[in-house]
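Q: Next up is a structure, given as structure tokens.
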Amino acid sequence: KQIPDYLVISMSAYIDASQTASITDNEEVDHVDLQDDAQVTTADGSTIDNSSGSQPTISKSEALISIAVLCCINLLNYMDRFTVAAVLDRIEKDYKIDNSEAGLLQTSFIVSYMLLSPLFGYLGDRGSPGSLWSRKTIMIGGVLAWSAVTLASSFVPKNQFGLFLLTRCLVGIGEASYITVSTPIVADLFVGDARTVALIVFNLQVPLGSGLGYVVGGQVAQAADSWRSALRVTPGLGVVCVLLLLLQFREPACGQAEKSTHMHATSWRDDVRHLLRNRSFMLNTLGFTAVAFVAGALTWWTPLMLDLDLQLRGGPVKPDQAALGFGIVTCVAGIAGVALGSEIARRLRHRMPNIDPIVNGAGLLLAGPFLWATLYLVPVSVYLTLVLMFATELLLCLNWALVNEITLRVTVPTRRSMATSINILASHLLGDAGSPYLVGLASDLIAKNSASVAVKFSALQLAMYCCCFVSVLGGGAFLACSLTYLADCERVIRIEREANRYYRAEGEAYTPPASLQASSCDGDPQQQSPTDNNGGLVVNWDANAIA
């Protein structure tokens, strides 16, 4: 029989409200008395609460204000992160360090950022609105921490490079607390096309903030004739963001947009075990690791490489001119890439439900040759280099919003913060935590301590060619993800529907049959038989179910 209308759930971005699940009359149900806090375990290991409690609703206007606050903080996050890269040449001269030591500034930041992400992901999945470890509290603490440490780092004396390195490490801890919980919050505020648009706008802040970091950092340093002044811009903005969080932000419960707030988180070990067995999640993470490796090296070393090229050409070279040009290219290309990739996926999703990882893979596969051409033609023309760099970064940024959307679609609501943190850990551990240092070290080995500008430029140019190959490898991982993506989306749909059915049981505990995990989900839901041979819950879906 068809489930009544009041049992139908709209499941995130890939379920239409008109689609229904089906249950047979011959299901075996054990009747037990459940307490208010009674819980059941689903086939995927998630724990479902059968209590009748409900979370306060969040209005559309409150959701829009909340996403606006998150976007402001995300913009500040990346602006703060890349301000140091914009004034890297000044920092090298001030502390008298070489390229490999300068690369450690980014590496130390990323190491702390990625190592603490799983902790904040664990807390984010378990905190509820108003609790001590709520996601709102975690974000407030994180923004205050990174703002205070960034301000303190601007006062570190010239002979204390080790202390300056430590401050960059501490900044990573503060930023980790924000980024691990913010993306799942977006998923909990919106559903369907609204979630897709919200993720696009949220991820547009990545290139916009990165570009502003280069532009504002470089221009402030030039105006004040001190790189330290550039680091004193974002802390004040951080205080403003904290006030916005306190006064305007409404925190949703985990799974609130999908009516799955009755799902409770499992143990940390179970979360990690299930995520590591999630093929689409792992391949998506591997592909994004390649993106992080390439982007980390490019954003860190390209301004310096362009600056060396301008010096080789002779004539007056304005300080921070390269950072300004690269910042503008990064900002525009990033915005265009995020919007273009998301729009392509949105338009084709009804015909190709696995289009998200395909767009990601195609972007990286094309970015490799464009990056090679960019590096090869740097000595030929600065303007041609910037045009090719624009194309490269546009292709690299096609996946920023889609990577997050894939992660949200293939994981249940109570594991999304943990999934985000593992994605951060893996992508930074194997990606941009090491790429700035490795490229800097390789360039130093090639240059052999030469003081020649020509030798330094050639060494850095050669060292960056490795990014072309990493980009192609990442594209292959995304294409492999497209082969498993639909099956993992189906699994999440069925688990969420199963959770809803348990929640509506009103005192009846139910152990799902093994067929729940193995049943086929093909074809038109209106034409398929509503039952399987074992009396289990069957979810039928077509391309529109994912779209």
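Positions of Cβ are set from backbone N, Cα and C atoms, glycine also.
Keep in mind that TrEMBL annotations are predicted by a computer and have not been checked by a curator.
Note that the structure is a prediction, hence the values are computed from the model and not measured.
Here's the feature list from TrEMBL:
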COMPBIAS  514-534  compositional bias 'Polar residues'
DOMAIN    66-492  domain 'Major facilitator superfamily (MFS) profile'
REGION    513-537  region 'Disordered'
TRANSMEM  104-125  transmembrane segment
TRANSMEM  137-156  transmembrane segment
TRANSMEM  162-185  transmembrane segment
TRANSMEM  197-217  transmembrane segment
TRANSMEM  281-302  transmembrane segment
TRANSMEM  322-345  transmembrane segment
TRANSMEM  357-377  transmembrane segment
TRANSMEM  383-403  transmembrane segment
TRANSMEM  424-442  transmembrane segment
TRANSMEM  462-487  transmembrane segment
Q: Where else in the chain does the transmembrane segment (137-156) make close Cβ contacts, counting only residues six or more beyond its ends and a cut-off under 8 Å?
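A: 73, 76, 80, 120, 123-124, 127, 131, 163-164, 167-168, 170-171, 173-178, 181-182, 228-229, 231-232, 234-239, 241-242, 245-246.
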Q: Assess whether the transmembrane segment (383-403) lies in contact with the transmembrane segment (197-217), where contact requires at least three Cβ pairs under 8 Å among residues 6 or more apart in sequence.
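A: Per Cβ check, the transmembrane segment (383-403) touches the transmembrane segment (197-217).
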Q: Considering pairs 6 or more residues apart, do the transmembrane segment (197-217) and the transmembrane segment (322-345) have at least three CB pairs under 8 Å?
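A: These two segments touch.
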Q: Which whole number is the mean pLDDT over the domain 'Major facilitator superfamily (MFS) profile' (66-492)?
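A: Residues in the domain 'Major facilitator superfamily (MFS) profile' (66-492) carry a mean pLDDT of 86 in this prediction.
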Q: Residues sitting near the transmembrane segment (281-302): Cβ under 8 Å, six or more positions beyond its termini, same chain?
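A: The answer is 82, 85, 88, 103, 106, 110, 210, 275, 326, 330, 357, 360-361, 364, 367, 371, 389, 392-393, 396, 399, 403, 406-407, 410-411, 419, 422-423, 426-428, 430-436, 438-440, 443, 460, 463-464, 467, 470-471, 473-475, 477-478, 480-481, 484, 488.
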Q: Determine which recorded stretch among 104-125, 322-345, 462-487 has the most C-beta pairs below 8 angstroms with the transmembrane segment (424-442).
A: 104-125
